[in-house]
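Positions annotated as domain 'G-protein coupled receptors family 1 profile' by TrEMBL: 20-260. Residues or ranges marked as transmembrane segment by TrEMBL: 6-31, 38-66, 72-95, 116-138, 158-177, 209-228, 240-262.
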Amino acid sequence: LALNPWDVVLCISGTIISCENAIVVVVIFYTPAFRAPMFLLIGSLATADLLAGLGLILHFAFVYFIPSEAVSLLTVGLLVTSFTASVCSLLTITIDRYLSLYNALTYYSERTVTRTYIMLILTWGASICYGLLPVMGWNCLKEPSACSIVKPLTKNHLVILSVSFFTVFAVMLQLYVQICRIVCRHAHQIAVQRHFLASSHYVTTRKGIATLAVILGTFASCWLPFAVYGLLGDYSYPALYTYATLLPATYNSMLNPVIYAFRNQEIQKVLWAVCCGCFSSALPFRSRSPSDV
């Protein structure tokens, strides 16, 4: 096959994604202090994005060096599983943030740990099921007219994935609106109790809203083009359109470590300790709520 520049860009993107998220996974896995629910969810997100990056690399390698329909199904299944798990992990993090504010007094309890494991099981169970569909026979290899914009996924399969994304995005939007209301209310109460100036309350509220806007804006700008095109596009359309919408979707996995992991002060401490050669698994940590992550 002639080398497609878009495939090269996706492979480079996958390499960067893999390196970034591998750092997060290693830090969380080898630091005993990172066993709180919020870090487990961040670890789940990083694992999903790591697999997505590896999937992009393997897809490039197999397409150009070991072309095979069976291998193609496996790599596409891996990509579907990993990207689905990434999007669902973002939803679980949002749910965890909301509950940490809504049920602040009971958040640090065994119920939260149990709920976290249940969300992780549901996330990865649904993602694996989605990813196994092409491998189990739901593909368009024998019927090209049933193909979607992403071969060998069928049009119906991609429609289900796109509708699932819009559902997740709608739930996240609603939860973040509620989070914003809670944060604004708490900031106002603290300002009144401590006799802060109105400008201080305004700055705190604006900072919280800006953070939520960055989170939702990044997620939407990365995934919405591909989700919309997945619903409206057809297999007969030029492949350029698919690459142009799929590439921004991969950027979400590239930005997730920056937004959800590297901004966290506890993870920053461990990274700085590792860079200085003074890593210790017993580093002191300040308890933080997921809403601070």
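Every residue, even glycine, has its Cβ placed from backbone N, Cα and C.
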Proximity of the transmembrane segment (240-262) to the transmembrane segment (116-138), 3+ C-beta pairs under 8 angstroms: no
Considering the transmembrane segment (38-66), which listed stretch of 6-31, 72-95, 116-138 counts the most C-beta pairs under 8 Å: 6-31
Stretch among 6-31, 116-138, 209-228 sharing the most Cβ pairs under 8 Å with the transmembrane segment (158-177): 209-228
